[in-house]
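A.B. asks: The structure that follows is given in the form of structure tokens.
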Amino acid sequence: MFDVWSAVRWWEDWQLRVLVLGSLCLQWFLLLAAPLRKYTIPRVIRTCIWLAFVSSDALAIYSLATLFNRHAKAASSGGYPPPPGTSAGAAGSEQQKSNILEILWAPILLIHLGGQQELTAYTIEDNELWVRHTVTLVSQVAVALYSFYKSWPASGDWRLLSTAVLLFIIGVISFSEKPLALNKAKINRLADVSSVIQGTKPRSEWRERLNQFFLFESFTKLRESLSIRGGGQDSRKQTTLTDGDKVFMVVSDMSISAAADELVKRGKAGSVDDVLGGLDPAAERGLRRWLRGAFAFIYTRASVVFTLPYLLYHLLVVPVLHIAALVLFATSDKQPYKRTDVKITYILLCLTAALDFLAVFIRQLLYLLMSMTEVPSLCETVPGYNLVDTVLRERKKDIGWMYKLARWSGVKEEYFSCNRDLGELYRKVAGLVISDLVKIRGRDLAGYRTFTKPPPDPKTSAGEESPRKPTKSNWALNEDQQMLCTSEIRKSLLGAFDRSVLLWHIATDLCYRCTDWNKAGKEADEESTSRAGGAQASIASPPHGQAGVECCTICGYTSRCARRSTSTTRNPLHLRIECTHAISNYMAHLLNFNPEMLLTGSRKHLITEAMKEIDSSIMTKEEGNSKINLIDRKQLVYDILAEAAKRRSADGSEENQKTLHIQDALSLANELLAIKDEKTRWKLVYKVWLGMLCYSASMCRGYLHAKSLGEGGEFLSYVWLILSLKGAVTLADKLQMPAEKTEDAEESIEKDLESKAKGKAKGALFKKRAMAGDLVYDRSSFGVGSKRG
């Protein structure tokens with residue numbers, strides 16, 4: 001029979017040992033797992049890291065409390081008797097000496113409370129709690145010192161006492177770094193870069209070079225940028241915003257345009273254009289470094305690491321103190337102590353010292369291994385959520401009971417996602433998006449739903465007002481594409497943004513499933529052949545078909561089958577279709593899992609309502625047909641959507657309200673499918689989704705983008721950083737700068753583009769005439785010189 005009291009006595013004897021060793025194991029786990037946060041890892045692993053991060057502090061504090069209670073209880077009950085002279089005193093003194101090593105563990109627990117350099121804060125809200133960490137610091141240091149003072153015997157070994165003092169120095173300083181780093185990583189403190197830029201606060205040359213070298217640019221590039229801007233002595237007076245300054249500002253919800261305007265007013269720059277400059281083409285390829293830099297300054301100790309005192313302390317002082325403490329303990333007399341406590345103390349001293357010695361090398365080795373395995377970095381994935389597939393998957397009879405239990409308990413579907421190849425999809429989507437964001441400086445991205453051309457079917461109701469003349473141009477859709485937008489398409493865009501995302505997601509998914517891939521491949525092949533002068537382009541097998549429907553139903557992610565096809569790498573139309581569908585699924589993912597980033601006030605329950613509409617329709621359709629396989633279920637959805645369009649009754653009727661979202665989405669899909677040319681249709685759909693994506697990114701606060709970095713980042717943050725560095729009008733610009741300035745900037749950009757277009761047209765005409773022999777040399781076309789025939 002199990003002896004309960006023996007287990008209780010064992011736990012009382014081993015409790016402190018187990019707690020201290022557990023705290024050490026958690027610190028090593030955090031050392032190995034913290035660098036993974038800079039990559040896109042499964043949500044389950046990220047949750048384990050969070051649990052270890054929270055438990056590490058709690059376990060160390062509980063260990064200190066246990067140590068304090070054990071020795072306080074022994075002191076109050078006479079556990080430490082008077083000096084030896086009697087047999088009882090000798091026995092008590094022996095017990096007292098045996099417990100001295102436990103007191104030596106107190107400063108080691110303080111070192112553990114300091115945490116890891118790569119994991120100072122798990123969420124951005126932790127930085128605002130630096131006062132709480134300061135109070136914890138003072139209280140725990142006081143507890144450790146008090147326990148050490150009351151429990152250390154006067155006749156103790158001086159080498160053990162010196163070991164404890166050295167460890168206390170390391171523990172107190174290491175623990176103090178955490179609240180200091182949290183305080184400096186606050187969003188408000190990041191905005192201090194504005195005062196440095198404007199000249200009200202002097203720059204630290206040492207810190208500037210460290211920041212540029214470790215996070216953003218190399219020494220050579222920095223010196224070149226400082227020497228090229230301006231010339232001679234005047235270049236020192238010109239202050240420009242570096243890419244690093246811009247990243248700090250947009251993350252802290254500051255307006256780059258406002259800062260540039262302030263520099264011009266202070267006389268530190270000639271014009272706003274001189275301050276803003278342009279985004280270096282190499283910077284687009286180095287956005288991973290920018291995002292890691294922003295992550296480091298918010299969630300790690302980068303704000304204090306790149307300082308001279310910190311580097312000197314950790315590179316010189318800490319190794320010396322650890323080695324001295326270990327040598328003093330090794331040379332001390334360990335005969336009176338328990339062998340178990342001696343071994344545990346050796347383990348704690350050696351592995352805790354290794355935490356400080358080898359942490360940098362271990363992190364760099366992990367980064368190297370992660371780069372070799374090509375794990376996507378922050379914001380380098382495009383996750384997706386497909387509404388129709390989710391409904392069908394959750395209605396499958398053979399779905400696991402664990403999945404049902406988790407979904408019933410409220411666990412997000414993100415925890416069950418096992419989508420691979422998301423990095424490859426990211427590279428395709430990012431490349432296509434960046435290529436279409438070349439000339440967006442000064443643009444108001446809300447203009448993607450502004451129409452300057454009338455619809456092809458101008459039907460106005462009796463009480464409808466005449467459309468007003470738009471005050472801004474549409475940067476996403478050209479005039480030809482606007483002419484294709486019928487009243488139904490414009491109605492879907494001019495409504496609430498979150499509902500527009502839902503309707504366009506369902507409509508895009510229907511168009512994707514109804515696409516004739518053979519026809520699309522032939523059209524793309526004809527275009528590529530004509531461009532290549534008759535060269536035959538290879539077309540792979542269509543990425544979607546009847547078999548693809550079944551595969552998509554099983555795997556639950558419709559675009560995966562398309563991604564497996566190699567045709568997208570050689571067929572530009574297939575690539576556009578795949579990227580458009582991926583953006584559609586990603587925006588639905590934001591609406592379902594991260595609605596505050598999609599747009600302030602977005603309604604997550606719209607997804608739930610649409611799912612209920614589809615699910616209820618499936619239940620009605622399945623009556624009388626109990627056995628329906630996967631392909632029939634997929635076809636069943638299309639039948640339901642088709643019947644929903646036929647059942648359009650009078651507005652406000654009960655039947656119409658049950659399928660409100662489905663009916664509007666199907667009407668939109670019918671309008672899009674009415675565009676027979678696949679290339680024209682998908683280019684229009686892509687441009688609309690590009691406008692929605694950029695508008696959502698520009699209207700999202702920098703605080704939310706910084707917050708998402710702690711959870712792996714969002715592709716929306718990648719787009720937002722591109723837009724901010726290229727000078728597009730963001731939410732901070734709209735709040736800080738008057739609307740007149742942004743509109744004037746957009747008008748000036750339009751004029752510049754028109755003048756450049758006219759110049760290119762004249763140049764092309766001149767070249768054509770010269771090749772035809774109409775003229776030998778003509779400079780009058782450019783307003784210079786004269787014509788010679």
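Positions of Cβ are set from backbone N, Cα and C atoms, glycine also.
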A.B. asks: Which one of 525-546, 613-634 shows up in TrEMBL as region 'Disordered'?
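C.D. replies: Region 'Disordered', as annotated by TrEMBL, spans 525-546.
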A.B. asks: For the transmembrane segment (14-36), what are the same-chain contacts with Cβ under 8 Å, counting residues 6+ beyond its ends?
C.D. replies: 45, 48-49, 52-53, 55-56, 59-60, 62-63, 66-67, 70, 102, 105, 108-109, 112, 115-116, 118-119, 340-341, 344, 347-348, 351-352, 355, 359, 362-363, 366-367, 370
A.B. asks: Averaged across the domain 'DUF4220' (50-363), what pLDDT does the model get? Just tell me the whole number, please.
C.D. replies: 76
